[in-house]
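Peer 1: Grabbed the feature section from TrEMBL, which reads as follows:
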type    : residues                                         : note
BINDING : PRO60, TYR61, VAL76, LYS78, MET85, SER86, THR127 : FAD binding site
DOMAIN  : 6-110                                            : domain 'FAD-binding FR-type'
Amino acid sequence: GCLDPENFKKFKLVEKTQISHNVAKFRFALPTPTSVLGLPIGQHISCRGQDATGEEVIKPYTPTTLDSDLGNFQLVIKMYPQGRMSHHFREMKVGDYMSVKGPKGRFKYQVGQVRAFGMLAGGSGITPMFQVARAILENPNDKTKVHLVYANVTPEDILLKEELDSLAEEYPDRFKIFYVLNQPPEVWNGGVGFVSQDMIKTHCPAPAEDIQILRCGPPPMNKAMAAHLEELGYTKEMQFQF
């Protein structure tokens with residue numbers, strides 16, 4: 001792998017693709033075309049940049065690529081108007097370097113460790129879920145089922161929608177996705193409002209020793225989901241928060 005957990009290393013931005021007014025895809029080159037980043041499934045990296053005042057900022061991000069993607073890694077970044085690291089990403093141009101350190105994270109995954117994952121994601125919290133789901137689904141020896149509930153405000157806010165929909169199409173028996181919107185369009189067949197206990201009950205695996213529910217979203221959502229899960233009978237061992 002190309003990462004160092006103790007020291008920041010620089011990686012060159014080779015492609016920046018604007019996806020919507022506040023979301024862009026950043027592709028960084030690894031030292032050689034056959035290099036791997038060396039990131040265990042479900043772990044993340046720390047990126048270092050500067051905010052608008054020139055002060056140093058360090059934030060965690062989960063690449064949407066896996067170690068099966070050689071020679072580069074990719075970040076899908078939602079840039080917030082007041083976000084300190086968002087400023088750095090907005091200013092980045094192709095040819096610039098990003099300082100990265102890792103891997104980081106408590107999540108450990110082994111094939112077959114659970115029968116099924118439920119995933120409760122909100123906004124940018126989709127990135128670790130996408131990475132775990134992709135790794136499971138693209139491994140022919142992994143039979144784990146993945147049930148994703150993904151919440152956003154508007155349809156435009158749904159990150160990685162194309163990629164998620166194509167995974168659902170390609171692996172219909174193993175990957176199910178349920179979108180929830182706070183402000184849905186007039187024609188909408190997903191959930192409406194916030195993720196409720198009923199939605200979790202309907203779309204996630206029921207409490208059992210051999211399942212796990214993964215959570216990643218804004219802090220208020222994580223808190224609400226933890227409360228829902230507890231009331232539905234999921235023990236602490238059955239949950240993991242990124």
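Cβ atoms are placed via backbone N, Cα and C, with glycine included.
Small disclaimer: the values here were computed from a predicted structure and weren't measured.
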Peer 1: For the FAD binding site, please report the maximum Cα-Cα distance among PRO60, TYR61, VAL76, LYS78, MET85, SER86, THR127 in Å.
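Peer 2: Roughly 17 Å, rounded to the nearest whole number.
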Peer 1: Give me the long-range Cβ neighbours of SER86 (FAD binding site): same chain, 6+ apart, Cβ under 8 Å, in sequence order.
Peer 2: ILE77, LYS78, MET79, TYR80
Peer 1: Can you list the residues of the same chain, besides PRO60, TYR61, VAL76, LYS78, MET85, SER86, THR127, whose Cβ falls within 8 Å of the FAD site's Cβ centroid?
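Peer 2: Surrounding the site, in chain order, are CYS47, LYS59, LEU75, ILE77, PHE89, SER124.
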Peer 1: At a 10 Å cut-off from the C-beta of MET85 (FAD binding site), count the other C-beta atoms across all protein chains.
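Peer 2: Other Cβ atoms within 10 Å of MET85 (FAD binding site): 20.
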Peer 1: Which value does the mean pLDDT take for the domain 'FAD-binding FR-type' (6-110) in this predicted structure?
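Peer 2: Mean model confidence (pLDDT) across the domain 'FAD-binding FR-type' (6-110) is 96.
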Peer 1: By DSSP assignment, list the helix, strand and coil residue numbers for the domain 'FAD-binding FR-type' (6-110), in that order.
Peer 2: 8 helix, 47 strand, 50 coil
Peer 1: Applying a 10 Å Cβ distance cut-off over all chains shown, what neighbour count does THR127 (FAD binding site) have?
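Peer 2: For THR127 (FAD binding site), the count of other Cβ atoms within 10 Å is 24.
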